[in-house]
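Straight from TrEMBL, the features:
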TRANSMEM  37-60  transmembrane segment
TRANSMEM  66-86  transmembrane segment
TRANSMEM  107-130  transmembrane segment
DOMAIN    112-336  domain 'Major facilitator superfamily (MFS) profile'
TRANSMEM  150-172  transmembrane segment
TRANSMEM  179-197  transmembrane segment
TRANSMEM  209-228  transmembrane segment
TRANSMEM  240-258  transmembrane segment
TRANSMEM  270-289  transmembrane segment
Amino acid sequence: MLLLARSLQGFASACISVSGMCIVAEQYDDEVHRSKVMGVVLGSIALGVLTGYPVGGFLYDFLNKAAPFILIAVLVLLDIGLQLTFMNFKSTTLDESPDSTSVWRTLLSDHLILIILGSIWISSSAMSILEPCLPIWLMAHVKPEKWQLGTVFIPDSVGYLVGTNFFGGIAYRVGRWRVAIAAMLLVGVSCLLVPTANTISGLVGPHLGLGLGIGVLDSALVPLLASVVDSRHSAHYGSIYALQQTAVSLAYSIGPLFGGELVKAMGFSWLMRCVGLINIIYCPALILLSPSLGASKRLGFTESIVRYSATENGGTKHIVSSKESYQRFYDPEDSD
């Protein structure tokens with residue numbers, strides 16, 4: 001029963017993530033606002049983790065085990081009510097309905113998309129391996145108090161919250177590929193430093209850097225996915241963010257599965273060193289995001305490639321590009 005409940009929770013969470021990013025991508029076609037809003041949306045995940053752990057523990061200890069889940073159910077119902085009140089649910093009719101298989105094949109054949117998805121997968125794998133393996137390693141080597149184990153991952157969430165909320169606009173101005181490289185380097189270095197900690201307080205720095213790196217990377221690359229499909233494909237936001245969520249889910253499914261076995265084979269310290277080196281080695285691939293995407297933005301397109309709906313004053317506006325040359329809003333500095 002618990003497996004079924006967690007499976008349904010994961011399914012619902014994936015649907016919310018994909019549809020939420022699609023809504024943001026459609027409503028904010030300006031790159032600056034899109035980057036900022038997507039950063040705030042991503043930061044809400046970290047905010048939920050930060051508040052969820054202590055609130056859940058408090059309700060469990062002082063009320064009962066059902067109390068946290070009842071609170072979540074009430075909040076979900078409240079959120080549904082707010083969505084029904086304020087969101088526009090009018091359907092968007094596309095001129096063409098391309099086969100979903102061909103859409104996925106087209107997106108996966110784009111090397112820019114593959115590079116971005118690979119970066120998200122590798123960086124997320126660092127955290128997915130760390131979460132199940134670190135507590136066991138701490139109990140064997142550091143021997144912390146039980147209450148301290150619950151605080152180990154708080155710096156990760158704080159770092160992710162800061163990275164997603166404050167670096168979306170910075171990434172757009174400085175250059176998303178530059179910020180992504182710096183963020184992935186930070187993830188790699190933080191992974192290398194985790195095994196050097198001898199105390200719980202010694203983990204604060206590496207964990208903060210790990211969460212900050214992943215948060216900054218997400219705030220740079222997740223909006224970039226929308227820019228790529230805008231400029232190179234047919235604005236298939238649903239498909240591209242389904243692929244992004246698949247990359248994250250793949251990391252969190254494979255990471256714990258193989259992480260436990262690899263810890264037995266090579267030890268926790270060497271495993272984290274290998275994960276850190278993989279993140280660092282992958283960084284040069286992100287350089288390819290600069291000239292390729294910049295060229296595609298400057299050239300423009302002569303085909304009708306973008307179709308999506310935006311909301312203005314409560315109504316639905318269908319935006320369909322014509323056969324004329326099309327060019328997205330962009331800052332020239334972003335493609336340098």
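Each residue, glycine too, has its Cβ placed from N, Cα and C.
It should be emphasised that the depicted structure is a prediction, and the values quoted were computed from it without experimental measurement.
If you count C-beta pairs under 8 angstroms between the transmembrane segment (209-228) and each of 37-60, 150-172, 240-258, the highest count goes to 150-172. Across 37-60, 66-86, 107-130, 270-289, the stretch most heavily in contact with the transmembrane segment (240-258), judged by Cβ pairs under 8 Å, is 107-130. Tertiary proximity for the transmembrane segment (150-172) is limited to same-chain residues at least six positions away from its ends with a CB under 8 Å from its CB atoms, namely 31-32, 35-40, 42-43, 45-47, 49-50, 53, 57, 127, 131, 134-135, 138, 179-180, 183, 200, 203-205, 207-220, 223, 331, 334. Sequence-distant contacts of the transmembrane segment (37-60) (same chain, six or more residues past either end, CB-CB distance under 8 Å): 20-21, 24-25, 28, 67-68, 71, 150, 153-154, 157-158, 160-161, 164-169, 211, 215, 218-219, 222-223.
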